[in-house]
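What TrEMBL annotates here:
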- 35-54: transmembrane segment (TRANSMEM)
- 66-87: transmembrane segment (TRANSMEM)
- 152-173: transmembrane segment (TRANSMEM)
- 185-206: transmembrane segment (TRANSMEM)
- 226-246: transmembrane segment (TRANSMEM)
Amino acid sequence: MTNGTHVVNVIGNITNEKLKNSSVVQWWNVQWKPILAEFVSTFLLIFLGCMSCIPLDGLAGQQSLYVSIGFGLIVLFNITAFGHISGAHMNPSVTLTAMIWGKTSIGLGIGYVIAQCLGSIVGYGLLIIVSPLGLIPGAICATQPRVDMHPYQALIVEIILSSALGFINCAVWDPINKDKDEANSLKFGFTIAAFSIAGGPLTGASMNPARTLGPSLWTNNWNAHWVYWVGPLIGGAFAGVFYKLIWFKREKDGL
């Protein structure tokens with residue numbers, strides 16, 4: 001009986017040692033902090049951003065300008081708080097651009113996207129829980145095309161907005177701008193606010209599949225949902241490839 005217990009203990013120790021030395025466990029021990037930062041930052045983006053969509057008392061709806069500024073300021077906060085930990089992507093499109101640029105590995109990028117989607121779902125779910133009953137009507141903060149727009153028109157808008165967002169990411173990552181990063185949070189905050197003001201009346205100006213996923217899931221609103229995955233991902237990929245092929249060479253050329 002004693003020998004049997006000893007064998008079990010030896011096997012258990014060997015198994016634990018193998019787990020500790022496995023590449024997956026070692027990778028997780030290093031990367032769980034930035035992945036958690038992506039979850040928290042996306043959670044705050046949706047919880048606080050969509051909170052700004054809740055109508056003021058006595059009003060039927062919230063002003064789009066008010067919402068755009070709200071999201072922009074929350075992005076500014078998140079980049080300040082989490083940018084040094086994970087980059088504060090909060091967006092699978094941004095993560096895709098970072099992967100193209102080699103700023104984020106494929107494995108870490110997948111972890112980021114999962115964390116972003118979960119953060120969005122939990123963020124909107126908690127907003128529903130803490131809001132007074134009936135204060136959040138159906139589809140509030142859900143991004144969808146205008147009723148008089150074709151989904152393919154909305155797709156073009158999301159591609160262009162996401163490409164522009166991707167360009168500013170690439171510009172910030174460009175080594176030629178490495179001494180101009182003091183105000184990155186302001187740059188992104190104002191960019192998101194500006195793009196939201198411009199594209200909000202047409203598509204909701206998502207530019208972010210994770211941002212759309214949480215509200216869509218909780219409100220069961222899947223109207224043209226594919227637009228908000230395909231558009232931002234195409235835009236992010238295009239910006240990453242185009243900038244790197246066309247403009248990134250300036251530093252090598254001494255321009």
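Just so you know, glycine gets a Cβ as well, placed from its N, Cα and C.
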Cβ-based contact of the transmembrane segment (66-87) with the transmembrane segment (152-173), 3 or more pairs under 8 Å: no
Residues from the same chain, set at least six apart from the ends of the transmembrane segment (152-173), whose C-beta lies under 8 A from its own: 93-94, 97-98, 101, 103, 145-146, 181, 184, 187-188, 191-192, 195, 198-199, 202-203, 205-207, 224, 227-228, 230-236, 238-240, 242-244, 247-248
